[in-house]
Protein chains: 2
Amino acid sequence: MTSTDAPHAHGREATTPPVRPTKQRRAVAEALASFGDFRSAQEIHGSLTERGEKVGLATVYRTLQLLSDSGEVDMLRTEEGEAIYRRCSATHHHHLVCRQCGATVEVEGPAVERWTRAIAAEHGYADIAHTLELFGTCRSCAV
Amino acid sequence: MTSTDAPHAHGREATTPPVRPTKQRRAVAEALASFGDFRSAQEIHGSLTERGEKVGLATVYRTLQLLSDSGEVDMLRTEEGEAIYRRCSATHHHHLVCRQCGATVEVEGPAVERWTRAIAAEHGYADIAHTLELFGTCRSCAV
DNA sequence: GCTCAGTTGACAATCATTCTCAATCGATTG
DNA sequence: CAATCGATTGAGAATGATTGTCAACTGAGC
Ligand SMILES: [Zn+2]
Ligand SMILES: [Zn+2]
Ligand SMILES: [Zn+2]
Ligand SMILES: [Zn+2]
């Protein structure tokens with residue numbers, strides 16, 4: 001979704017805290033891998049709890065933050081503003097999401113990416129990022 | 001919400017609450033008209049309070065909800081998930097927003113709209129809606 | 001003026017998300 | 001294996017936006 005993130009990470013690179021692969025982090029990552037659609041932090045935490053994986057809610061949030069920052073998962077917001085996460089492919093893409101069942105399709109639009117850059121240039125905006133999501137009703141959820 | 005709805009839509013009944021133009025609603029609308037960029041409900045409420053307009057925070061939220069539902073104002077969410085509002089033109093458009101100063105440009109992309117419909121059809125999704133926002137750094141905010 | 005549904009506002013209640021910080025973990029060295 | 005020490009965790013408190021509650025208020029129509 002958001003592309004072309006700020007490339008200039010202002011100074012202070014000396015502090016690069018090692019990210020340890022802990023049991024909890026693995027649990028969250030595996031949970032994400034087991035879903036095909038976007039889930040909220042609360043849902044993921046609930047799912048883990050059900051399976052007997054005891055992971056604190058705060059840890060789930062922290063891990064999702066990490067994964068999201070590193071680009072391993074995509075994060076977007078529901079109409080209500082709640083953050084939801086999904087394990088996605090590495091290439092830049094957008095989403096077509098069923099608002100009934102959540103079924104998600106990754107879509108690409110080279111033309112849209114081009115359009116984005118053109119618009120930005122035309123108005124003199126630099127360091128552009130964009131969000132683009134499609135919501136609809138999938139075939140199996142149609143009346 | 002949808003309760004005891006008459007099966008036969010004889011005229012209009014349950015869903016036509018008269019919207020009275022009150023002092024408070026006018027105040028919120030005027031505040032929105034005076035801004036050129038997106039503002040949060042809290043900011044708008046603060047702005048009104050400063051000017052001496054005594055409007056309750058809940059009323060600001062309710063009015064923004066009304067205006068947003070009626071399409072008179074656009075609502076989108078910040079990266080942090082906070083809802084922000086802006087008085088926009090009536091035609092369908094998207095936004096190019098400076099992440100520093102909030103300067104907003106309305107942009108149109110017929111090609112993008114076409115692409116949206118094509119993608120939706122291709123995957124059998126109906127009743128499509130889409131969100132598309134561009135964030136960047138405007139010329140005057142550039143280093 | 002009188003009525004009554006729409007409206008308001010002070011305040012409580014939700015709810016997602018973040019913060020705090022003592023206890024625990026785990027890679028590493030000896 | 002044991003000691004070390006910063007990274008990590010989790011229970012609970014705290015935050016902050018948004019919504020719900022409900023008695024008091026407003027105003028258009030009679
Ligand atoms: Zn994705
Ligand atoms: Zn569906
Ligand atoms: Zn707009
Ligand atoms: Zn700017």
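Here the Cβ of each residue, glycine as well, is placed from N, Cα and C on the backbone.
What TrEMBL says about a protein is an automatic prediction, not a curated fact.
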Can you pick which of A:H45, A:H130 TrEMBL lists for the same Fe cation site as A:H92, A:E113?
A:H130
Have a look at the binding-site residues A:C98, A:C101, A:C138, A:C141 and say which one has the shortest Cα distance to A:H92 (Fe cation binding site).
A:C98
For A:E113 (Fe cation binding site), the three-state class that DSSP assigns:
helix
With respect to ligand 2, which members of the binding-site residues A:H92, A:C98, A:E113, A:H130, A:C138 satisfy a Cβ distance under 6 angstroms to one of its atoms?
A:C98, A:C138
